[in-house]
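According to TrEMBL, the protein carries these features:
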type: BINDING; residues: 10-15, Lys50, 87-88, 163-166, Lys184, 189-190; note: ITP binding site
type: BINDING; residues: Glu38, Asp87; note: Mg(2+) binding site
Amino acid sequence: MPLEQLNFITGNRNKLAEVKAILGDVVPLQSKSLDLTEIQGAMEDISKDKCRRAATIVGFSILFTITIARCNVLNIWKIGGPVLTEDTCLCFNALKELPGPYIKWFLQALGHEGLNNLLIAYKDKSAQAVCTFAYSSGPGHEPILFQGRVTGTIVPARGPTNFGWDPIFEYDGETYAEMDKAKKNTLSHRAIALSKLKQWLQTQ
Ligand SMILES: O=P(O)(O)OP(=O)(O)OP(=O)(O)OC[C@H]1O[C@@H](n2cnc3c(O)ncnc32)[C@H](O)[C@@H]1O
Ligand SMILES: [Mg+2]
C-alpha cells in the first residue's frame, strides 16, 4: 500500500536536511519541529519511547484541530499517523560506548576539544556513529526500528562546524564535516538506517 504521508518529528534542522536529501521524492515527507523528551537507557528503548511520544503528540494536535472543526473524530488515527523519529548516538569504544545517547549534552558541555580530551588516556580512539529511526503507524502502534552504524575515529576538529560532532568524526581519512554533503549522505550512519527504512516501506 503506498504511503500517503510521513511526519518526521525532530528539533534538529541538519537532521531534517539530510533525511530530505537522502529520501528524495521516494517518501512523501512532512516535518514538525518538536524537541521531544528523551528517557535514559538503551538506545533502542530511547528511540521507541521517543517515537511513541511523537505519535501521541501528533495524534493529540490533530484531535484538537478536528474538535475545533467539528469533524468526524473517528478519523483521528488515520490522520494522526504515521510518524518517524530519529535518535543519534556517538559511542566511544574505549569508554564502553559512552557518551552514546547522551552525546548531545556532552557536546554542548565539552565541545569538540573536550570530547577529544575524554580519550587522551586511551590508545583506542575509535567510535561508532549510530542512527536509529523509529517508525509508528500511529498512536498505540508499536514503533519499528531501523538502525545504521558507522565506525570511525575521533580526531581534533577539521572542517565546517555547523553540524554537531561532524568535525571530529573521521571516516576513511576525512571527517564528516570535510566531506562533500552528498558523499556523507551515501555512506553515513543515517544513510544506512534510511536505506533499511526505505526497503521496508516498499514492502508495505
Ligand atoms: O529532536 P531530535 O531529533 O532529538 O534532535 P537532537 O538534535 O536532539 O538529536 P539527538 O537527540 O539525536 O542527539 C544527537 C546529537 O548528535 C548530533 N548529531 C546528530 N546527527 C549527527 C550527525 O550526522 N553528525 C554530527 N552530529 C550529529 C545532534 O546535533 C545532537 O547534538
Ligand atoms: Mg534529541
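Numbering starts at 1 and runs along the chain as it is shown here.
Note: Cβ is positioned from N, Cα and C throughout, glycine not excepted.
Curation plays no part in TrEMBL annotations; they are all automatic predictions.
Mapped onto this structure are the features recorded in TrEMBL.
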| residue | record | CB count, 10 Å |
| --- | --- | --- |
| Thr10 | ITP binding site | 21 |
| Asn12 | ITP binding site | 16 |
| Asn14 | ITP binding site | 12 |
| Glu38 | Mg(2+) binding site | 16 |
| Lys50 | ITP binding site | 23 |
| Asp87 | Mg(2+) binding site | 25 |
| Thr88 | ITP binding site | 21 |
| Gly164 | ITP binding site | 21 |
| Asp166 | ITP binding site | 22 |
| His189 | ITP binding site | 25 |
Sequence-ordered binding-site residues from Thr10, Asn12, Lys50, Asp87, Thr88, Gly164 with Cβ under 6 Å of an atom of ligand 1: Thr10, Asn12, Asp87, Thr88, Gly164
For Lys50 (ITP binding site), the three-state class that DSSP assigns: helix
Separation of alpha carbons, Asp87 (Mg(2+) binding site) and Lys50 (ITP binding site) (Å): 8
C-alpha spacing of Glu38 (Mg(2+) binding site) relative to Thr88 (ITP binding site), in angstrom: 12
Inter-residue C-alpha distance, Asn14 (ITP binding site) and Asp87 (Mg(2+) binding site) (nearest angstrom): 13
